Amino acid sequence: MLTRAPRRLVQGPRETWLLGGLWVWILCGLGMAGSPGTPQPCQAPQQWEGRQVLYQQSSGHNSRALVSYDGLNQRVRVLDERKALIPCKRLFEYILLYKDGVMFQIEQATKLCAKIPLAEPWDPLDIPQNSTFEDQYSIGGPQEQIMVQEWSDRRTARSYETWIGVYTAKDCYPVQETFIRNYTVVLSTRFFDVQLGIKDPSVFTPPSTCQTAQPEKMKENCSL
């Protein structure tokens, strides 16, 4: 969330890394490495910050967030962004600490905190080594384009993928991840404004209100 277990089990619009998924991967024994001329999976950055737009079929909505990703220490922080006034919409901060097996959900306005066990083990945001190379192409137009590579969990020429990952050919930055179930896109995440490193490691430290955290996940609407 590849056989790695389901990679990112997404249970809510902000949980790309459980949130998964933080993540929904089902890579079931992918094919052997390609021929000598076939590109090999690159190594995605271990620590970066950026933004994401997440579309989830279950809600039919896009959600935006700031992301701090620390693969070295197996932790992720996601901060909801407000791009429009949505009545009865609560914004949260999510701190996922996989080494501790716990996620903190903090309401931005009140600092109310929920502490929730993480059921899935850490699974990095990267290209699994047994992925299938699909294509390489440029995004944008003349003078303003970037080369990317597309990978999937497709096993043979006749099978269908359940995961598609797009990463830059240079530096291996994540661009987009898409998860498919029963021929339908269930989750799609676009990454942008990616910068290497973590400016402030304290973003992974829960606020003091989490010392008395509630054990249940808070809802995204106005009701508790």
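Glycine residues also receive a Cβ, built from the backbone N, Cα and C atoms like all the rest.
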### Query
Mind checking which of Cys88, Cys113, Cys172 has the disulfide with Cys42 in Swiss-Prot?
Cys172
### Candidates Cys28, Cys210 - disulfide partner of Cys113 as recorded in Swiss-Prot
Cys210
### Query
Of all the recorded positions given, namely Cys113, Asn130, Asn182, Cys210, which is spatially nearest to Cys42 (disulfide bond) at the Cα level?
Asn130
### Query
What residue among the disulfide-bonded residues Cys42, Cys113, Cys172, Cys210 has the most other CB atoms lying within 10 A of its CB?
Cys113
### Task
Could you tell me which of these glycosylation sites, Asn130, Asn182, has the fewest other Cβ atoms within 10 Å of its Cβ?
Asn182
## Note on the structure
DSSP output for Asn182 (N-linked glycosylation site) maps to coil
